[in-house]
Amino acid sequence: MITIPEFYSNRDIFITGGSGFVGKVLIEKLLRSCSGLRNIYILMRTKRSKTIDERLEEIKNMALFSGLMETNPKVFNKLVPIEGDVTVVGLGITDESRALLKDISVIFHSAASVRFDENYKTAIILNTKGTHEVIEFALTLKNLVSFVHVSTTYCYPDHHFIDEKLYPVPGDWQTTIKIVENVDDELLECFMPIYNNFKPNSYVYAKALSEHVCESYKNKIPITIVRPSIVVGTEMEPIGGWNDNFNGPVGLLTACGLGIMRTMYASNKALLNCVAVDVVGKTLIVVGWKNAIDNGVQSAVTLGESAKVEVNKNCGQLQVYNCASTHNMDLELLVYDGQYSIRKYPFEKCVYLPGGGVTLCKVMNYFRIVCFQLVPAALIDQALTLKGKKAMLMSLQRKIAAASVALKNFVFTKWKFGTENFKNLNKIVLSDDLQDFCMDRKVKNNREYYEIQILGARRYLMKEPDSSIPACRRRIYLLLIFDIFFRILLFGYIFYLLGKKINLFDNKIPFFEYRNDTIAQRI
């Protein structure tokens, strides 16, 4: 059996979603550990008036690629941006670009909208129709040996145990695409929840349909599915804690660390399954290799030779891999370990005492939101306005409120995932490849794991240097004093209002009447 680097050597690889979180890490790992590959073609579109070449330069200049830029800068010449769009028929690729792509033998399809509050038309056109368009493109490739589709473990939320297989989904994908293309947006938003049996959001439904698109083509191309769970920053490779977005637990912990989120309406016992993005990247590469081996590829490609499938043994078998942690973490433990980490590595931009808690009491949750989020946000925004600066905290509170609504179903439900296929990947990886492609979690301690994530959020999301940590720790004590002072004022004012309401300070209360009469008699 050929090793993983040998398999990818001299191959042309096509990646959709290469500018996304998972896509960037996948590209970095391929360039670093499979540098013998010929070219990586990245499907990209012009965005915010930036050309695809400018966007690729921005990606290469990220901290994620800094180590590779120092050790092997020439390898970046193998990155080739291709202008296109997965929502367009034929991917919007020109004939000239198609000529470049004729020798592609491996495809990683990770382009997707991951927003939970996305409207149904956008989610299904991008996630479901987009998958169909990429597969149609794959059918034109004579040398394709492996197609890896990136999904999510949460695409069948009706099942509390989600195994490594497909489940029935309301509506077939062809009909659903036709509906969203021809029905008015507003009517669609009213109709789709009934049509899809009230799935939690458009994202999970669109991703479930995408898996069924893959199933429809399993007899035509060597296709497989990888389902990551909640993807967080890198654990170890190439740097610890690298992240480029505020999604998931890291975003929640960052909001708590900044002092702008103090409460969450959720169950303490809700189970979260998190996987580091570098583990996801390695899994995709290993699955791409295994899928080709299962479908008959027995040897490496020599330079100048086209990749071809000699035998097609298992085409028709759709393998699914739940790329998830082998143990879940309950939300209570995440909050506890997260609070420890954000106090140990506080943020420079912290506006209030870091912290917060989870509650099942709606009244308590609303009380905390009003008193410890909205009131401080309004006061700070007013102070910023008086200084001639832009008010921003109330707008952040609106985003936090929207995110809390979007996450509602996911913080009250306990899901477990079958991971037999995923765990078996480590067993089939050759001993020569284990050092670079072992998918086991290396940091076993949860607290240490989230310390890495918080440090990563400071460095790569908030752009704060480690040298500022001691000063930030001292500032936490000042914020603690302010928090105590604020609570005394707040609860004192509430007590005063309640006292007035029940006439606690009225002189007609017998105690006061007695004292006044006695004093009058003495005079």
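Including glycine, each Cβ sits where the backbone N, Cα and C put it.
Heads up, TrEMBL stuff is auto-annotated, nobody curated it.
The shown structure was predicted, so the numbers you read here are calculated from the model rather than taken from an experiment.
According to TrEMBL, the protein has these features:
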type     : residues : note
DOMAIN   : 15-282   : domain 'Thioester reductase (TE)'
DOMAIN   : 372-464  : domain 'Fatty acyl-CoA reductase C-terminal'
TRANSMEM : 476-498  : transmembrane segment
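Tertiary neighbourhood of the transmembrane segment (476-498): same-chain residues 259, 343, 346, 350, 352-354, 371, 375-376, 504, selected by CB-CB distance under 8 Å and a gap of 6+ residues from either end. The residues of the domain 'Fatty acyl-CoA reductase C-terminal' (372-464), classed with DSSP into helix (H, G, I), strand (E, B) and coil, number 62 helix, 2 strand, 29 coil. Per-residue pLDDT, averaged across the domain 'Fatty acyl-CoA reductase C-terminal' (372-464), gives 88.
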